[in-house]
Structures are given as structure tokens and as C-alpha cells.
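Visitor: Below: one structure in C-alpha cells.
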Amino acid sequence: MEKTVSVSSFGPGGLDLTSAFFKPILNSDPPIPSNRCTKISIVGVGNVGMAIAQTILTQDLADEIALVDAKPDKLRGEMLDLQHAAAFLPRTKFSASVDYDVTAGSDLCIVTAGARQNPGESRLNLLQRNVALFRHIIPPLAKSSPDSILLIVSNPVDVLTYVAWKLSGFPVNRVIGSGTNLDSSRFRFLIADHLDVNAQDVQAFIVGEHGDSSVALWSSISVGGIPVLSFLDKQQIAYEKQTLEDIHQTVVGSAYEVIKLKGYTSWAIGYSVANLARTILRDQRKIHPVTVLARGFYGVEGGDVFLSLPALLGRNGVVSVSNVNMTDEEAEKLQKSAKTILEMQSQLGL
């Protein structure tokens, strides 16, 4: 499949009709070339990839979006479908190709492509198939856009972010995983729903693995600036730890429930990734729980393990990791989560 781009010309000869439709202002200078174009590339045009593309598009986060996928017909169809909505959306240039050259000059490369688990297939075998897939994705992305930031969404996101870091040769600040950004959003929603407040007024983090060994940081949760657990203690309001654990387990099981009901997740991860893209590309210096190199933080040792921690993000990727308060119990759970991920990494041979 040849590279396809949005064009402003018609006819077999590519006749440019711009001069016929518009007249230049007299004595005006020619247009000044601009280097401020923001380009985002998305690898994988499945349900998740297209939800991300649609959300980025409607939020006007990019001047150009490049789509890459191994299925040329699906790829062209998705691009055309978005182009046909141009009259209702911010002006954005689209390109699509099976060739990674289309991603050249990207500011942000988002990877959603991944193999699906076959019936009866082990988690390790699925991971090894995804690593093999990443060997064909990450090196050409890094070559085409050596100054870009890699944002990994494919699962298992923590291990695959480590794989992307290894294969790209990028500095650690420019390789990020979507991690528990969405888990934390689900967590905030559940707490807000219990208290009947807006989720934006809830500060709460899920950290560690994006998976079963994730850790809910109850000790640092605040609502409207009020530390929740210390407030309950001071007011001598009783609560059961099991209630807290049940909320966390609801978060862990949220994606499984959505998949059971509709077959896949898409919209929430689309908004989550667009939220990360906005913070990074507009240098907003916001704190997000995302997958980063965790060695040396909160007692995590034993190797180069990637997992989710509250990280300050900006135009150059990860600026720093937040020194959020953790109890000894929470830190121990985080370290245990790190060991779970390290065990998977150790079997990859990278």
C-alpha cells in the first residue's frame, strides 16, 4: 500500500485549484514556513488505536496524525472515515501507510498494536509474541523520529514499555507507558461516586503493575484538599479495610467487566491517552501515574523494572517522579508488584 495523504488538489494531473478559489492580498509577503506543526503517529488502528485518534482529533491536539497498521484496507478505510468528518473537526492532516516512513518527524509515537491471546495460550507465550511484534515496530519508529517520545499502550504495558526502551535506545525519560493512568481514573470515579462529588476533586493514585498486583495508595487520597483516611481517624469515624480493598478490586476488575459486556475497551483508554498527549505536547507539567523506570524509587531494586508511579510529565517526557506519601505496607506491596514484573522481564532474554 502506497502512502496516502490528505491533499488539496483534484484531477489525474493533481491540478491545484487553490489559486482559482482564492486571491492573494496585494503586496503581501509569501507565507512563512512554520516549524510549529505537531505530529502524532499511532501504530495500530484497532478499537483502541482509533479511539485514541478520534479523541486526539476532537481535542485539537495535533496538526498531523499518521496512522500505521499491517492491514492496508482497514488502514485506508479508517483514514478516509476520519477525513470525511473534516467539516466538523479542527483542521488536521492525515496520512496512513504500512510503511513506518510515514511517521517521520513525529513529536509523539503511540503504540497500541499487539497480539491477542489465543484460547489456552499462556501469558508468557503471548508476551513473547508481542515482543517479536515490537521488534518490527519500535526500531523503525525510533529511526524515523529519533527525537520523539514513545507512549506504549499495548498490554502487558509495563513489560512492553521496558521492551520499547531496550529496542529504541531512547533515554528513559522519552519512553512512557500508559500504565495505571486509566486505573487511577476509575479509582477516582468510584471514590467520587461514594462521596457524591466530582471526580476531578479527588486526588488518588493506583501504582505498580497495570494488572492484578497494582497498589491503591489509600494513605495519600484527598478530596477537596482533605486527606480522607486521616480525616476519618480524627473524626473517629470507623471504616473497614475490607471496604477499601473491595473498591480496589472493583478497579482491577473494571476492564474485564467492560470486555465481558462489549467485547473490548476503547473510549476510556482513548481519553486517558489523549490526556497524556495533552500534558506532554503542551508541556503542562501535570502529575500522572504512568509506566516509568522505577529502579531506586520507593525501595524498588533488583533491575531495570518499569511500572507505574506518579510522574511529572512535560514536553521532554518524564521530568521527575513525585515523592508521594506511602505507608510501609503500601511500599512493600509496590516492591512485590515490581518483583512480579521483573520475573516476566527475566524470561525475555533482552
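Each residue's number is its place along the chain shown, starting with 1.
Keep in mind that glycine also has a Cβ here, set from the backbone N, Cα and C atoms.
Feature table excerpt (TrEMBL):
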| type | residues | note |
| --- | --- | --- |
| ACT_SITE | H210 | active site, proton acceptor |
| BINDING | G44, V45, G46, N47, V48, G49, D69, N130, V153, S154, N155 | NAD(+) binding site |
| DOMAIN | 38-177 | domain 'Lactate/malate dehydrogenase N-terminal' |
| DOMAIN | 180-343 | domain 'Lactate/malate dehydrogenase C-terminal' |
Visitor: State the Cα to Cα distance, in Å, between G46 (NAD(+) binding site) and the residue listed as 'active site, proton acceptor', rounded to an integer.
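Guide: About 20 Å separates the two Cα atoms.
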Visitor: Over all pairs in G44, V45, G46, N47, V48, G49, D69, N130, V153, S154, N155, the listed NAD(+) binding residues, work out the largest Cα-Cα distance in Å.
Guide: 18
Visitor: Would you mind checking how many other C-beta atoms are within 10 angstroms of the C-beta on G46 (NAD(+) binding site)?
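Guide: The answer is 17 other Cβ atoms.
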Visitor: DSSP says what for the domain 'Lactate/malate dehydrogenase N-terminal' (38-177): how many helix, strand, coil residues?
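Guide: With helix first, then strand, then coil, the domain 'Lactate/malate dehydrogenase N-terminal' (38-177) has 68 helix, 26 strand, 46 coil.
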Visitor: Pull out the binding-site residues from the set G44, V48, D69, N155 whose C-alpha sits within 10 Å of the C-alpha of the residue listed as 'active site, proton acceptor'.
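Guide: Close binding-site residues: N155.
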